[in-house]
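As recorded in Swiss-Prot:
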- HIS117: active site, pros-phosphohistidine intermediate (ACT_SITE)
- LYS11, PHE59, ARG87, THR93, ARG104, ASN114: ATP binding site (BINDING)
Amino acid sequence: MAVERTLSIIKPDAVAKNIIGEIYNRFEKAGLKIVAARMVHLSREQAEGFYAVHKERPFFNDLVGFMISGPVMVQVLEGENAIVKNREIMGATNPAEAAAGTLRHDYAETIDANAVHGSDAPETAKQEIEFFFKADELCSR
């Protein structure tokens, strides 16, 4: 099994609910290590840049508006199969379809305000991590 890194974002809805620690606890119980973290209030330009892949999608403007509505917690998770493991912890994008015990089932309200973001593949994980962190800001443990 490969040790990987993945980007995770705790979105404005979950930050506002004051559940960052509960989410971090889930990551750590699953064997993932937090190797970088910061809280940031994204600008419109940052959010548009991060979600540029969705620019032509009908939900793009709503997504950007939501992501700039309050601070987010951005972290890099490291561990065996971190990308898949994080996506399993998150659950389905639509909280109504998310399995019991997943972050989105437990903490998300809607498909838009769905608590967390996670990279979906090694290539996107690398790009997303580099969007938020310099190499010397990642602290392997």
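Cβ from N, Cα, C; glycine included.
Since this is a predicted model, take the numbers as computed values, not measurements.
Sequence features annotated in Swiss-Prot and their locations in the structure.
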residue : record                                          : Cβ neighbours (10 Å)
LYS11   : ATP binding site                                : 22
PHE59   : ATP binding site                                : 12
ARG87   : ATP binding site                                : 18
THR93   : ATP binding site                                : 14
ARG104  : ATP binding site                                : 23
ASN114  : ATP binding site                                : 23
HIS117  : active site, pros-phosphohistidine intermediate : 20
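Secondary structure from DSSP puts THR93 (ATP binding site) in coil. Take LYS11, PHE59, ARG87, THR93, ARG104, ASN114, the residues named in the record as contacts for ATP: the widest Cα to Cα gap among them comes to 21 Å. Secondary structure from DSSP puts HIS117 (active site, pros-phosphohistidine intermediate) in a beta strand. Mapped onto three states, the DSSP output places ARG104 (ATP binding site) in helix. LYS11 (ATP binding site) falls within neither a helix nor a strand when secondary structure is assigned with DSSP, and so counts as coil.
In three-state terms derived from DSSP, ARG87 (ATP binding site) belongs to a helical segment. Cα to Cα, LYS11 (ATP binding site) and HIS117 (active site, pros-phosphohistidine intermediate) are separated by 7 Å.
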